[in-house]
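**Q** Okay, handing you the structure first.
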């Protein structure tokens with residue numbers, strides 16, 4: 001029998017270089033994890049609870065750390081740890097996973113850029129330096145966590161769990177006194193400054209449509225060029241439709257006012273824009 005360990009990574013905020021961040025989070029979680037202690041006597045296996053024996057760490061021989069490199073202008077420029085905006089404009093990406101012993105675990109290349117041997121060797125040298133620094137930070141954090149836990153304190157994320165911390169999302173229930181609420185409200189109203197008088201000035205855009213107040217502008221950023229063109233086209237179409245409707249109404253009103261009994265009735269078809277004149281039918285004369 002073996003232990004089955006599953007590692008899930010939940011990304012809370014992504015600002016680029018997600019592979020490196022996920023590799024660091026995953027290896028630290030595995031190093032920090034403790035499994036229950038086990039004893040085997042013959043064919044009898046005993047799994048001890050944490051109260052009986054302290055859990056033991058996993059046997060991790062080395063820590064592979066990923067380092068990402070972004071290339072621009074077909075490999076002319078090299079950038080380590082690209083941000084989200086830099087990833088949007090990069091030509092290619094090279095990810096090297098290495099441990100502190102300078103052993104390459106994996107290499108992954110993506111994008112439409114072709115790399116030469118010298119570029120890959122240069123990236124591997126940079127990776128060795130970065131991996132040594134990151135591994136030292138991980139080991140210091142794990143040692144501080146173990147030291148504080150032995151002293152009975154809390155370290156890292158466990159320190160932020162108590163109340164009145166921004167990452168806790170928790171508050172103790174507080175009793176609310178609802179006695180004499182009306183008196184307290186009247187006292188607050190009397191001490192408060194009188195509200196300022198607001199005079200609403202309606203803004204008349206078109207006949208039959210008015211707006212009270214100046215309104216607000218969109219603060220989420222400017223529209224893209226395609227969105228601006230669509231908005232302008234929709235606005236132009238709506239204005240043209242309103243003008244055409246108003247024109248037809250005026251024409252119908254003038255026609256109704258000027259039509260007489262003797263004049264022919266003119267009908268208009270809105271789809272084909274054809275004018276049909278109704279006239280009395282003239283019978284052909286008979287010839288002998």
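Residue numbering: from 1, along the chain as shown.
Keep in mind that glycine also has a Cβ here, set from the backbone N, Cα and C atoms.
Per TrEMBL, domain 'Exoribonuclease phosphorolytic' is recorded for 2-36, 62-126. Residues or ranges marked as region 'Disordered' in TrEMBL: 221-273. Among the features that TrEMBL reports, compositional bias 'Acidic residues' is placed at 222-238.
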**Q** Do any residues of this chain, six or more beyond the ends of the domain 'Exoribonuclease phosphorolytic' (2-36), have a C-beta under 8 angstroms from a C-beta of it, and if so which?
**A** 47-50, 53-58, 60, 63-68, 81-87, 95, 97, 134, 138, 141-142, 145
**Q** Return the average pLDDT for the domain 'Exoribonuclease phosphorolytic' (2-36) as a whole number.
**A** 90
**Q** Let's see if you can do this one: DSSP helix, strand and coil counts over the domain 'Exoribonuclease phosphorolytic' (62-126), in that order.
**A** 16 helix, 27 strand, 22 coil
**Q** Give me the DSSP three-state residue breakdown of the domain 'Exoribonuclease phosphorolytic' (2-36), ordered helix, strand, coil.
**A** 15 helix, 2 strand, 18 coil
